[in-house]
Amino acid sequence: MTIDAALADKIRRTPKAELHVHIEGTLEPERIFRLAQRNNVKLAYPDVEALRAAYAFTDLQSFLDIYYAGASVLLTEEDFFDMTMDYVKRAAADNVRHAEIFFDPQTHTARGVPMGTVIDGIADALAQARTEYDFSSSMILCFLRHLSEEDALATLEAALPYRDRFVGVGLDSSERGNPPEKFARVFARAKELGLHLVAHAGEEGPPQYVTDALDILKVERIDHGVRAIEDEALVQRLARERVALTVCPLSNQKLMVHPDLRDHPMKRLLDAGVAVTLHSDDPAYFGGYMNANWEASFDALPLDAADAHKLARNSFEAAFLPDVQKAEFLAEVDHFWSATPASPPATANVTTTT
């Protein structure tokens, strides 16, 4: 199927919020090599092309192996600043108006990089981006689920001197064998501190992980969550409680969660009333930032202009923003979709190849 040209133009230009992006996953090969040279870090690949060629993942773990190797070049505040500004420029070009950025401090503190170096480098770039690009943002500290809960608790405590620089906590890394309940205490502690709560669940893990993230960790959003489609009662609950799913289609395709995007459940979830939102996850590794994810989804699935409006709205409704700012963004989205002529439904303007 091929997306209607007018609709393609509109989804590129619509205001969007990005709620599922790992800042370490925005490190392009060129930036990795520049930082390696600056910091005298030896890489296992001779050049940019060889590194890019290594991005042939078969599952989440094979991706994580190279992801952590790439992060090894991040050593100074300047490194984190430069990486973050690279992302902001790409996101702003895709009409991302607000981003809630995941960062993985354990990836860096385990290498001897101070917590403050990580947080200050990212936060300073985001502060500059607000002025230079009118780019709204916040930060979400993620725990690595393949590590222990004790390590997560220590990480949270170490980050508390920088509490004013992040708005929530999340849970990422390898889902298999690391159920949500493993982190019940650290999420309870974060809730006591008034932090927002999100967690990756139902990507490679079963639908039960989505339920457990909601009931045990008390999360407000589910990152990925696509396997919820396997449980009708869970889908109904997500719709009823307006729990947003931060879906990342190109990531799902690259990691073989859904190798063929025509089989992706996002449209079925959206039609069932679930607050689906679209994001890039680790765009440097998965070959696509926000607009690429939107375009691939609309190319593969019978999504139309009404769906696009809904997806854009959902992204801001699910954001951890003050009510006034959220209302302003929603008004901006509604004005965009009402002020420009609506394109016909994508289902009426597609060509299908078999």
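Here the Cβ of each residue, glycine as well, is placed from N, Cα and C on the backbone.
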- Message: Need one residue: from Asp120, Asp281, Asp299, Asp304, the one Swiss-Prot lists with His20, His22, His200 for Zn(2+).
- Response: Asp281
- 8 Å Cβ shell about His20, His22, His200, Asp281 centroid, Zn(2+) site members excluded: Val21, Gly25, Phe102, Asp172, Asp223, His224, Thr246, Cys248, Ser251, His279, Asp282
- Message: I'd like the Cβ neighbour count for His22 (Zn(2+) binding site), meaning other Cβ atoms within 10 Å of its Cβ, all protein chains included.
- Response: 28
- Cβ neighbour count within 10 Å, max among the recorded positions Glu203, Asp281, Asp282, goes to Asp281
- What residues, ordered by sequence, lie under 8 A Cβ-to-Cβ from His20 (Zn(2+) binding site) and sit at least six positions away in the same chain? Phe102, Asp223, His224, Thr246, Val247, Cys248, Thr277, His279, Ser280, Asp281
